[in-house]
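Presented below is the structure to which this report refers.
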Amino acid sequence: MGKFLATLILFFQFCPLIFGDYSPSCCTLTIGVSSYHSKPCNPAQPVCSWTLDLLALSADQALQPPCPNLVSYSSYHATYSLYLFPHWTKKPNRNGGGYYSASYSDPCSLKCPYLGCQSWTCPYTGAVSSPYWKFQHDVNFTQEVSRLNINLHFSKCGFPFSLLVDAPGYDPIWFLNTEPSQLPPTAPPLLPHSNLDHILEPSIPWKSKLLTLVQLTLQSTNYTCIVCIDRASLSTWHVLYSPNVSVPSSSSTPLLYPSLALPAPHLTLPFNWTHCFDPQIQAIVSSPCHNSLILPPFSLSPVPTLGSRSRRAVPVAVWLVSALAMGAGVAGGITGSMSLASGKSLLHEVDKDISQLTQAIVKNHKNLLKIAQYAAQNRRGLDLLFWEQGGLCKALQEQCRFPNITNSHVPILQERPPLENRVLTGWGLNWDLGLSQWAREALQTGITLVALLLLVILAGPCILRQLRHLPSRVRYPHYSLIKPESSL
């Protein structure tokens with residue numbers, strides 16, 4: 001029985017060596033001075049996942065940029081899609097003796113701070129560009145505005161890659177490095193960046209402390225500055241510590257490496273210190289020494305001066321525009337009345353000429369009737385002379401012809417109304433109203449001026465207000481930021 005137990009114990013001891021050590025590990029993604037651990041992954045569970053925020057990545061990379069003048073990500077780029085470009089300079093072999101991949105000339109090699117060519121000339125397929133990476137198997141990601149979920153195969157952990165926003169102009173680029181690592185001995189105590197209720201210790205009410213610090217800052221500046229709190233990655237947070245409190249020499253675990261640590265030996269806080277900071281390793285440690293305080297980065301911005309609003313500008317402009325419109329309307333009315341008067345005189349002259357022509361036609365018609373009567377009288381006399389031969393037509397051996405003069409067209413011509421009554425003037429409305437021509441034209445001009453004045457009063461202030469606010473929409477005020485360390 002003892003031999004069986006000894007054999008069983010040895011079997012369980014050497015079982016990891018036989019079947020492989022599948023202890024939990026992860027893939028660490030590094031950008032700037034910050035590191036992000038993936039969810040547990042190993043060769044048996046090869047998918048390494050991250051949930052990242054693009055704004056936080058930009059803040060992390062800004063602390064230690066890989067190249068100068070790198071364009072940062074902002075809300076302007078939120079509508080554009082991401083592309084992932086792996087760097088395939090060396091292909092690792094975890095069994096030892098790594099080897100280089102085949103040479104590959106990529107015309108879209110990343111350059112700072114731009115991608116070197118247009119997106120439609122790049123030889124990428126889908127969302128990833130590499131001759132050795134497959135999008136669905138080796139890496140895939142989903143993007144929801146500024147939120148990014150990356151799934152990387154564990155065999156590809158160790159490759160650096162870049163994220164690119166394909167936006168017009170300079171494209172924001174993130175340079176990320178990955179390496180396999182072990183999970184930290186304890187779970188990360190830091191909560192997501194957007195949660196300011198509890199940091200490191202859930203029992204500390206951070207909302208009230210932040211409000212107290214903001215109130216003290218406002219009082220120290222005599223309420224002449226705006227206090228801004230940067231909710232970036234936790235690695236960019238600042239630490240205030242008291243060098244008067246010693247740190248225990250016992251072994252402690254580093255929890256957070258802040259980007260800035262400021263000694264404050266004579267600072268009096270409205271509450272006690274909450275964390276333990278080790279100045280030798282520049283990190284927040286797990287020892288309960290309580291000599292420091294972790295704060296998000298503060299920035300002070302001067303309050304913009306509010307310019308006095310001139311309320312007389314709009315009424316003066318309205319009255320000026322109204323006066324100009326009224327003057328233009330009066331001038332137009334006078335010009336129109338004069339043109340109508342000249343048109344009326346022209347119609348009168350044309351009507352006089354038509355009446356004279358009508359009288360001449362009537363006189364000619366009467367003369368023609370008299371000539372016809374004379375011809376008929378002579379015809380009857382000649383018929384009497386040639387009575388014995390059967391009349392004038394028989395004697396001449398011709399067909400008899402009789403006059404047929406109609407008298408119906410001349411009365412119609414005389415009954416037509418004058419030309420002035422048949423031509424419409426003004427607005428095309430034949431409204432008489434028992435008024436003279438000048439009175440009708442004055443009434444039309446007055447109605448036009450009233451309508452124009454009402455239009456200016458209703459629409460003028462709105463148009464002037466929009467034109468007045470147009471420069472402020474195009475030009476944004478820029479205020480210089482005062483770093484918090486300058487006030488400490």
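Even glycines carry a Cβ here, placed using N, Cα and C.
Residues or ranges marked as disulfide bond in Swiss-Prot (evidence: similarity to another entry): CYS393-CYS400. Secondary structure at CYS400 (disulfide bond), taken from DSSP and collapsed to helix, strand or coil, is coil.
Every protein chain considered, the tally of other Cβ atoms within 10 Å of the Cβ of ASN140 (N-linked glycosylation site) stands at 18. Look at Swiss-Prot and you will find ASN140 (among others) tagged as N-linked glycosylation site.
Of all Cβ atoms in the shown protein chains, 7 besides its own fall within 10 Å of the Cβ of ASN222 (N-linked glycosylation site). Secondary structure at ASN222 (N-linked glycosylation site), taken from DSSP and collapsed to helix, strand or coil, is coil. The annotation N-linked glycosylation site is assigned in Swiss-Prot to ASN222 (among others) on the grounds of sequence analysis.
Here Swiss-Prot flags ASN244 (among others) as N-linked glycosylation site. In the three-state DSSP scheme, ASN244 (N-linked glycosylation site) falls into the coil class.
The N-linked glycosylation site annotation in Swiss-Prot covers ASN272 (among others). In the three-state DSSP classification, ASN272 (N-linked glycosylation site) falls within coil.
The N-linked glycosylation site annotation in Swiss-Prot covers ASN404 (among others). Sequence-distant neighbours of ASN404 (N-linked glycosylation site) (same chain, 6+ apart, CB under 8 A from its CB) do not exist here.
Annotation source Swiss-Prot lists region 'Fusion peptide' at 313-333.
The region 'Immunosuppression' (376-392) scores a mean pLDDT of 80 in the predicted structure. The region 'Immunosuppression' annotation in Swiss-Prot covers 376-392.
Swiss-Prot lists 225-228 with the feature motif 'CXXC'.
Annotated topological domain 'Extracellular' per Swiss-Prot: 21-442, in sequence order, evidence recorded as sequence analysis.
Summarising the annotation, Swiss-Prot assigns transmembrane segment to 443-463 and lists sequence analysis as the type of evidence.
The least crowded of the disulfide-bonded residues CYS393, CYS400, judged by other CB atoms within 10 A of its own CB, is CYS400.
Nearest neighbour of ASN222 (N-linked glycosylation site) by Cα distance, taken over the recorded positions ASN140, ASN244, ASN272, CYS393, CYS400: ASN272.
Counting only same-chain residues six or more apart in sequence, the Cβ atoms lying under 8 angstroms from the Cβ of ASN272 (N-linked glycosylation site) belong to HIS290. With respect to their backbone Cα atoms, CYS400 (disulfide bond) and ASN244 (N-linked glycosylation site) stand 150 Å from each other.
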